[in-house]
Amino acid sequence: PKKCMVQHTLCPFIAIMGHSILNSVASLSSFLPSCKPFNLQVADLYCSACKCALCEDCLPNHAEHPKVALSQALEQHRNNLQERLGTVQDRLPQISDVLSFVKEILQQLTNQRASIEEDIQSSFEDLHKQLDVRKSVLLMELEVTYGLKQKVLQAQIDSLLRGEGDITTTCTQAEEALAGDPCVASLQVERELWERLGELAGLGLPCQPEENDQLDLVMETDGLRKSIHNLGTIVTTSAVASQSEAMGAGLEQCIVGHPASVTIVTRDKSGGACKSGNAILSAEVFTPDGSIVDGEIVDHKNGTYEFVYTVPKEGDFSLALRLYDQHIKGSPFKLTVTKTLEAELDVGAKRRGKSPGQKKKGSKRASSALGTPRRKTQNPIEDDLIFRIGTKGRNKGEFTNLQGVAASSNGRILIADSNNQCVQIFSNEGEFKSRFGVRGRSPGQLQRPTGVAVHPSGDIIIADYDNKWVSIFSCEGKFKAKLGSGRLMGPKGVSVDQNGHVIVVDNKACTVFIFQLTGKLITKFGSRGNGDKQFAGPHFAAVNKNNEIIVTDFHNHSVKVFTLEGELVLKFGSNGEGNGQFNAPTGVAVDINGNIIVADWGNSRIQVFDGSGSFLSYINTSADPLYGPQGLALTSDGHVVVADSGNHCFKVYRYLQ
């Protein structure tokens, strides 16, 4: 019948689109004529203004309205629906990616929970053991102290009892003699009793107590109970990257060689400001080619953080601020790095004719801003580049922000590839051997490896800055243990002393920690500041033949030497570009003669000092200039290997000891 004509026209359309889009298809009811009841004769027209099909009776009412053919309207609606369907379907890959990422976060959260639970159990078991040991010591001390005092008192009692017995016996004998009749026969006995009584009368007996009964227990439990009550804290925040933001002059512009500051405000998913610290925040300043500039993040413990960085040359840079590995609002930011206002006025129009890397006339540095400073001509050392390995990338032999370097006695070079979350191993000749590391925040995973060292046992020790612990792997790359969890805030460099203890340089805490390989803390020293025994962003450490610890103090532009107990032995260096001066020292190593080799990050050079801190020379890097060198080590065949972080490679130089 004609009444079903419109419905029959739509039925194939609805059947094709399927059940999942019935709500959208329901809108097609607008194709029915608007009159009620409508004429059984439906015109092949559609009113665009009223959005309905027209019957013959209602055509006059729509005479002035724009109309199109019904078939055209049906096609247009179908196209609109198809477009909307495509738009919605395009969201599925994004949702799938987010779903995978959130599941990964949940899995890492679950793993972290298990790890923390293990740490809690282990820590309290250790405390129980310590308490049991202390309990045994106290009980033993009690028994020893009691025994000594009891021995004195018992000896006094025994002496008094003997004296009492002698006196009683002699007195009884004398009384019996006096009770008898005097005679010549008893005279001798009485004389002996008289002499014996004389002796007893003058007998020296311990008639005053030779000990006392004091045996008390002083147990200062209030402080301990309070400490136990506050022992351990589960640290977290509700901060999310999508709501957190940055502000400050350092977001857009900074001056060459001058610290710039950026403030980061963390917020929760609703945009509310977070009030506590300890969020996992990372910051990187880099050039268009990916070269990294170092900096320091300060946690104000109130939900805000300050990132302070210094750029060694002018040009265009980018600043990436990540919260839990995700960019915050506006990140990455574009930075313009310029000279000081005075320098701008001095060079005027000439500045436009210079390359960004050129120095003003009279500079002590080479013509390339990233080159090695001129060597001290009276003490040249012709140490040439042997080879370089690496380019920017994520494959074998490629690096992204390599940091720490170590060399093993069996001819291996180990590189902490920070942003690739792995350690790569090469031969002394630069041949790739292996790599290991899986990104993550669970034990055995790496989040930001910055320091690497080789233990005499062959184990590989890795400082993980973002995971805030040190991981220990076998020489094959199999995870064995972690240490420093809950103590470290931002471990940067690691080394091993002659006792096999692990030296950890905590960049964030400005403290040097010394651990046993089992994880037991032996000692720690250092705090934030510019004093002789203080640090400002310390980076790496080495150990000399006297078993002293040599630490590079980045923002204090100096190198400091300490005993294992934390006593300062030597300090040398100041801020500048001259011989023996530093612009933020990083890597450090010691040769067999006790000479100290230092990577000078801001000046992009390597300096050599004797054991007393006197400048000797530079290593010649002019043929292939460094850019922001980081870790540094001496290979088993006596060469210097350095992580050329800004150039995404490591370089090996001849070194004449």
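Just so it is clear, glycine is given a Cβ too, placed from its N, Cα and C backbone atoms.
Automated prediction, rather than curation, is the source of TrEMBL annotations.
According to TrEMBL, the domain 'B box-type' annotation covers 35-70. Averaged over the domain 'B box-type' (35-70), the predicted model reaches a pLDDT of 76.
Here TrEMBL flags 71-126 as coiled coil.
DSSP labels the residues of the repeat 'Filamin' (236-337) in these numbers: 3 helix, 55 strand, 44 coil. Annotation comment: TrEMBL describes 236-337 as repeat 'Filamin'.
The region 'Disordered' feature in TrEMBL is assigned to 348-384.
According to TrEMBL, the compositional bias 'Basic residues' annotation covers 350-364.
If one looks beyond the repeat 'NHL' (386-429) by at least 6 residues along the same chain, the residues whose Cβ comes under 8 Å of a Cβ in the stretch are 284, 289-290, 292, 435-439, 445-454, 458, 460, 462-463, 465, 473, 477, 492-494, 540, 587, 624, 630-637, 639, 641-645, 647-654. The repeat 'NHL' annotation in TrEMBL covers 386-429 (among others).
Annotation comment: TrEMBL describes 433-476 (among others) as repeat 'NHL'.
Look at TrEMBL and you will find 477-518 (among others) tagged as repeat 'NHL'. For the repeat 'NHL' (477-518), DSSP puts the residue distribution at 0 helix, 21 strand, 21 coil.
The repeat 'NHL' annotation in TrEMBL covers 522-565 (among others).
Summarising the annotation, TrEMBL assigns repeat 'NHL' to 569-612 (among others). For the repeat 'NHL' (569-612), the DSSP counts in helix, strand and coil order read 0 helix, 22 strand, 22 coil.
According to TrEMBL, the feature repeat 'NHL' maps to 613-656 (among others).
Long-range Cβ contacts of the repeat 'NHL' (522-565) within its own chain (Cβ-Cβ under 8 Å, at least 6 residues beyond either end) map to 294, 296, 404, 451, 492-499, 501, 503, 505-507, 509-516, 571-576, 581-590, 592, 594, 596, 598-599, 601, 609, 611, 613, 630-632. Through the fold, the repeat 'NHL' (433-476) approaches residues 108, 111-112, 115, 280, 282, 396, 403-409, 412, 414-427, 482-485, 488-496, 500, 502, 504-505, 507, 515, 517, 540, 631 of its own chain, all at least 6 residues removed from its boundaries and within a Cβ separation under 8 Å.
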